[in-house]
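Read through the structure below, which is laid out as structure tokens, and then see the notes.
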Amino acid sequence: MISTNDSSAGYPVLKSSLTLNHISLNSHPEEVSLRQTQSSRSKHDYHHEEIKVRSRSLPFIHRFITNWLIMDPVLKRKYQTHSSSGKNYEIEKDPDVKFVFFFGGRLLSIKGKPINIITGALIVIPVVIYCIFEAKWQWHHLSPAVVITFIYIWLLAFCHFWKAATSDAGMLPKNLHIPKSINNEKVDNPPDEYFNSITLPSYGNTKDGVVVKYCSTCHIWRPPRTSHCGTCQVCILNHDHHCVFLNNCVGERNYMYFLWFLLLACVGCIYLLIISIVQLCYYQIGEVSDVASMSQSVKHFPLSLFLIIYSIVALLYPLLLLAFHLFLTSQNITTREYLNNVYKRKHNDFVNVFDTHSIAKNLYINWFGSSRGVNLTFPRDKYQPGDIRYEKIEPLELFSIEYERK
Ligand SMILES: [Zn+2]
Ligand SMILES: [Zn+2]
């Protein structure tokens, strides 16, 4: 039996960093008891020694690349022990969690198809073509301001894309509210938390209060507007949606970056479209050598035509998404709430308690006014061995199924 006590960060910490495949939880979360058989303990010790030997043999450059530059915490378990000098981002004992960290835990992404790299390439390609082939001509014939403005809009758009794709969307730490009614040997009743939700009263409408649910995978009571992302396998504060083009969730901490990326991407596309049209049609108002008609102009500036087509095609999807998110932010509703409560149900009595009933106020809150908040998972803090937030604890459904079979 291993008991827990509070760490300096205020979270329950297990005294031993054992893998929690089978846990027996009979008491209050702060006094969680964990059981492990003797055989698995010796197996663990053997494994511990083995990975220690392997970690010592890793050369510096290997450790630099795999522990700092690109860090897959699940992969790290295979070749290196969880030393007490590690940081939280290096520790993940749940293989279902899909995060990969970069630059010492400063950036993150989701493992899987690297669609965010393709999105990034689609943003970079037109500006590279523009800078190599078009910028010089426009600088001399139109104005340096035309070129500088485009580069400035593009840089802003790219920075917002970068932040939306690589920053924490509002992850919540796991295993903070472990139900006391689970018992590995016997379950008299299913845990209350699994079936319960609390409705907090809200201003002006007590019927449609704010529902607070228990996450049976993360073992936490979710704050209002939080939901569990099946791809990231974590609960996200103010969850909007999981964006495959960013390879990241969009939530409390990166929604504003996402919105401004959409807006700036659309502005950048429209701007590029206009200046490319001006370049192609310039022969009508100014002197361009060997150009007297549109066909000659296309021959002279073929990449302007390419950029016109590119910017029209690239504009379509972000413009539709921007229009949709302008509508959502004007109502102060998330994509998830809209799809679950408004779009799918024809006759619903859903009341959005977060709507301020002022479009201007709602837009201001979402585009300018909401705070990014703080990172609640503290990825770069020092790892406390046995920190229960990083332990693998089976989702409650699995416990239920297992018990039903018995
Ligand atoms: Zn969850
Ligand atoms: Zn996600």
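Heads up, the Cβ atoms here are built off N, Cα and C, so glycines get one too.
A TrEMBL annotation is a machine prediction, not a hand-curated record.
Per TrEMBL, the features are:
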DOMAIN    213-341  domain 'Palmitoyltransferase DHHC'
TRANSMEM  115-135  transmembrane segment
TRANSMEM  141-162  transmembrane segment
TRANSMEM  257-285  transmembrane segment
TRANSMEM  305-328  transmembrane segment
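DSSP states for the domain 'Palmitoyltransferase DHHC' (213-341), grouped as helix (H, G, I), strand (E, B) and coil, give 74 helix, 17 strand, 38 coil. Away from its own ends, the transmembrane segment (257-285) comes close to residues 123, 126, 130, 134, 137-138, 141-142, 146, 149-150, 153-154, 156-157, 160-161, 163-164, 167, 240, 243, 246, 250, 291-294, 296-298, 301, 304-305, 307-308, 310-312, 314-315, 318-319, 321-322, 325, 329, 366-367 of its chain (Cβ-Cβ under 8 Å, at least six residues beyond either end).
Same-chain neighbours of the transmembrane segment (141-162): 119-120, 123-124, 127, 130-131, 135, 246, 257-258, 260-261, 264-265, 267-268, 271-272, 275, 278-279, 282, 286, 288, counting only residues six or more beyond its ends whose CB sits under 8 Å from a CB of the stretch.
For the domain 'Palmitoyltransferase DHHC' (213-341), the model's pLDDT averages out at 93.
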